[in-house]
Structure formats: C-alpha cells, structure tokens
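**Q** Pulled these from TrEMBL:
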- 100-114: compositional bias 'Low complexity' (COMPBIAS)
- 126-137: compositional bias 'Low complexity' (COMPBIAS)
- 155-164: compositional bias 'Basic residues' (COMPBIAS)
- 167-456: domain 'CDC20/Fizzy WD40' (DOMAIN)
- 100-166: region 'Disordered' (REGION)
- 212-253: repeat 'WD' (REPEAT)
- 295-336: repeat 'WD' (REPEAT)
- 337-381: repeat 'WD' (REPEAT)
- 425-458: repeat 'WD' (REPEAT)
Amino acid sequence: MASPQSTKTGLNLPAGMNQTSLRLETFSSSFRGISSLSSPSKSTCSDRFIPCRSSSRLHAFDLQDKEPTTPVKEGGNEAYSRLLKSELFGSDFASPCLSPAGAGQGSASSPMSPCTNMLRFKTDRSNSSPNSPFSPSVLGNDNGFSSDSSPPPKPPRKVPKTPHKVLDAPSLQDDFYLNVVDWSSQNVLAVGLGTCVYLWTASNSKVKKLCDLGPNDSVCSVQWTREGSYISVGTSHGQVQVWDGTQGKRVRTMGGHQTRTGVLAWNSRILSSGSRDRNILQHDIRVPKDYVSKLVGHKSEVCGLKWSHDDRELASGGNDNQLLVWNNHSQQPILKLTEHTAAVKAITWSPHQSGLLASGGGTADRCIRFWNTTNGHQLNSIDTGSQVCNLAWSKNVNEIVSTHGYSQNQIMLWKYPSMAKVATLTGHSMRVLYLATSPDGQTIVTGAGDETLRFWNVFPSVKMQTPVKDTGLWSLGRSQIR
C-alpha cells in the first residue's frame with residue numbers, strides 16, 4: 001500500500017527520504033532540471049553537467065547516425081557492439097538507433113540519438129588539404145587503410161662507407177689523362193705502375209708481372225678485351241701492344257701515334273686508341289696494318305673513349321672540352337657536344353637504355369651531363385661540386401658511380417634518372433683518377449695518386465638486389481700489388 005508521501009507527490013520515495021528533501025526548481029518554461037539531492041543526514045548541493053551536443057562538431061568525429069553502406073551480416077559484430085555500448089554508456093545505448101515515431105528520416109541523425117558509429121574518427125573533408133599525407137585522397141578512405149593501397153617505400157639501400165680491401169700501388173701516377181686500371185671479365189685486375197703492368201687475380205690475391213717496357217718508356221693505358229683473354233697496353237712512345245694475359249706473351253705491337261697513347265677501348269673486334277696527338281686510331285689485329293682508319297675531330301689530347309654496348313657508336317672526350325660521337329660508317333663525328341667547359345675524360349654508356357650517354361667534366365666544369373645520342377639533346381646536368389674523373393654505369397641496377405678530384409677526392413653513388421645521392425665514400429687523400437668494376441658488377445676498385453687501390457662494395461647483385469656482404473675472400477689488411 002502506497003505511503004501518504006507517495007500519494008501526495010506522486011513519487012515513490014525511498015525510506016528515510018521525505019518530501020522536504022526533494023526540491024524542484026524551474027529554470028525556464030521549457031527546461032526542468034534536478035538541482036539537488038539531499039540525504040537525510042546531510043544536505044549537499046551538486047550539479048551534473050549535461051553537454052549540449054547540438055553545438056558540438058559531431059560530424060568531424062562521425063558520431064551522427066547514417067545509413068550503413070553495406071548490409072550487416074547476420075551474427076556478425078552487432079551483438080558485440082551492443083554489449084560494448086552498454087558497458088560504456090549504459091543500458092539506454094545498448095539498443096540500435098531508433099528515431100521517435102513520426103519524426104521522419106531526418107530524426108535518425110539527431111545528435112541526441114544513439115549511434116552505431118560512436119567513437120569512429122572521421123577526417124573533416126572540408127578542412128583537409130589535398131596535399132596532406134593524411135588526406136583521404138592519398139590514403140584511400142576515411143580510416144587510412146585500403147586493401148589496394150601501395151606498399152610503403154623501401155628504406156634506402158645501405159652502402160658500406162669503408163673499403164673492404166686496400167692494395168698498395170707504388171708508382172701509380174697522378175695524371176688526369178691516363179687510364180691505367182682495368183678489371184677483366186675473368187676477374188683479373190690489370191694495373192700499370194711506372195714501366196710495368198701487373199695482374200692481380202681477385203680469387204686468390206696472386207700477383208704477377210705481365211711486362212716491363214724498359215727505362216725509356218712507361219705505361220699510359222691498359223684495357224682488356226671483353227672476353228678477358230687479351231689485354232692492350234698503350235705506351236708513352238705512342239705504341240699499342242696486345243698481350244695474352246694467360247700466357248704472358250706479347251701478341252702484337254702497333255704504331256701510328258706520334259706521342260703517348262693515354263686511352264684505349266675495345267668493341268667486339270676493333271681496338272680504338274686515343275693519343276695526345278689528337279687522333280683516334282682504329283686497330284684490327286686480324287689484318288697486318290697498324291690501323292685501319294683514323295678519326296680526326298679533337299683539337300687537343302684525347303683522354304676518354306668508350307664504345308656503346310651494341311658496338312654501333314664510339315664516344316670520345318678530349319682536353320678541348322668536346323664530347324664527340326662516331327659511328328662505324330663515317331670518319332666524321334655524327335655529334336659534336338660542346339656544353340662542357342673543361343676536359344672530358346669520364347664517359348659511360350647506359351647498359352639499360354640504348355643511346356643514353358653520360359659524360360663528366362673537369363675542374364672548371366664539375367658537371368655530369370646526360371645525352372640522347374639519337375637526336376643529340378642534353379637530357380640533364382648535375383653539378384657535382386668537384387672535378388669528375390671517372391664514371392661507371394652499373395649493369396645490376398640503374399645507378400651511376402662517379403669519382404672526383406679537386407677538391408673533395410670523393411666517390412659518389414647516384415640513382416638514375418632522379419640523380420638522388422645514394423652514398424658518398426671518402427678515403428683517398430688525392431684525386432680519384434682511376435675506376436674499374438668487377439665482372440659480377442658488385443664491387444668497384446678506385447685508384448689515386450696516393451698510390452693505393454681501394455675496393456668498395458657499392459652495388460647489389462642482380463638476383464638478390466641486396467647489399468653485397470664480405471665473403472671472406474678479401475683481407476681487411478693492406479697488401480702490395482707488386
């Protein structure tokens with residue numbers, strides 16, 4: 001039976017609470033709030049803050065109701081969601097979003113109605129910049145995850161900063177116009193030291209003397225054939241000698257130059273030689289004549305020569321700052337490239353793209369330039385900040401290594417075509433004049449006037465595309481090449 005207190009007030013009050021302990025205050029005609037609840041023992045006033053969600057930026061956090069874009073599978077996460085909401089917000093939020101009767105479709109998105117998307121962050125599209133890395137246009141959807149999004153970029157490849165082997169090379173000349181280091185396809189390194197040529201076998205580190213030109217001559221250039229069986233030697237007297245590297249015997253001696261032969265280049269059957277006399281001679285060892293043709297175009301010493309990989313074009317650089325391109329059908333250059341402002345010794349052809357040529361200039365130029373030899377257009381130019389002595393294009397990856405002289409004496413690794421620096425290597429105390437690549441394309445050897453040869457692991461292998469590790473064949477100590 002209802003107590004007299006509950007009959008008068010119409011409220012069911014717990015035992016110990018009388019009507020005077022409950023006080024209702026009217027703040028406005030449209031809003032009634034509970035001002036205070038007092039216990040029988042002590043009367044204390046307290047307020048509970050109820051936020052007004054109509055003034056909140058609920059749209060920024062995706063807290064408003066919206067129709068599901070995809071049907072919810074039966075027996076899915078609906079029961080779990082109700083249980084979670086019940087624990088977090090009370091039993092009133094456990095039921096699905098319901099709109100008041102007769103409220104229509106717009107009432108379902110009322111800020112006061114429970115929502116199935118509670119606590120789901122939503123990017124504000126109106127304020128999001130399209131260039132922001134967190135923009136939905138970049139990430140693919142609101143939460144930043146997408147099944148078809150591209151994988152994260154790979155970290156830059158690590159290149160060892162120190163050489164894994166150093167060889168002493170006494171009498172290695174500090175002359176920009178010479179080319180006295182070359183590495184054969186049979187893994188034998190040839191080095192010209194003074195009047196002698198030495199062969200260093202990489203597999204067992206054995207050294208043997210190939211030849212001695214005598215006290216009145218000196219080695220100015222060396223170059224292996226592509227098969228690695230024969231080696232050509234250019235002398236200060238203008239001769240070109242061909243030696244059998246395996247037997248250690250001289251096969252041929254050819255004249256024609258008036259002074260030193262500083263650069264040599266083989267294709268599959270022709271040996272080209274460049275000299276201080278400004279001429280390029282084409283030698284064919286299958287015929288008795290010293291040379292089969294003469295290419296005249298440079299106005300100063302020829303110091304750079306490289307055949308393209310398809311044997312169709314020969315690029316030559318000279319101390320006249322010119323880069324000339326020749327073909328097999330003419331004794332006149334098909335291209336005269338004059339953008340360099342210093343001697344052009346560093347030349348390399350791309351093994352990945354036909355007709356792509358790179359060249360480097362000396363101290364007054366300092367630039368690496370890229371050319372399309374099909375039309376003669378310059379594709380790009382990079383100022384390296386120091387004299388460019390050599391260039392080599394990796395056959396394993398589309399990267400270029402350059403060696404430098406004045407004033408930093410560094411070795412630089414570039415990614416093509418972006419020309420982003422992969423690594424900068426230092427160690428030589430004088431300009432790095434000589435460069436050769438191992439037959440597997442992973443190791444380079446550099447030589448300088450400091451009379452050292454340094455071996456660096458800079459390129460990955462073709463299959464693994466990972467940095468090369470020391471296999472134990474190389475000693476970390478220093479040894480002599482003769």
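Every residue gets a Cβ built from N, Cα and C, even glycine.
In the displayed structure, how are the listed features positioned relative to their neighbours?
**A** Listed by sequence, the residues of this chain that lie at least six past the ends of the repeat 'WD' (212-253) yet keep a Cβ under 8 A from its Cβ atoms are 173, 178-186, 188, 190-197, 199, 259-268, 271, 273, 275, 277, 281, 283, 285, 439.
Averaged over the repeat 'WD' (295-336), the predicted model has a pLDDT of 96.
Tertiary proximity for the repeat 'WD' (425-458) is limited to same-chain residues at least six positions away from its ends with a CB under 8 Å from its CB atoms, namely 159-176, 178-187, 189, 191, 202, 228, 387, 389-392, 394-396, 401, 403-406, 408-413, 467-470, 474, 481.
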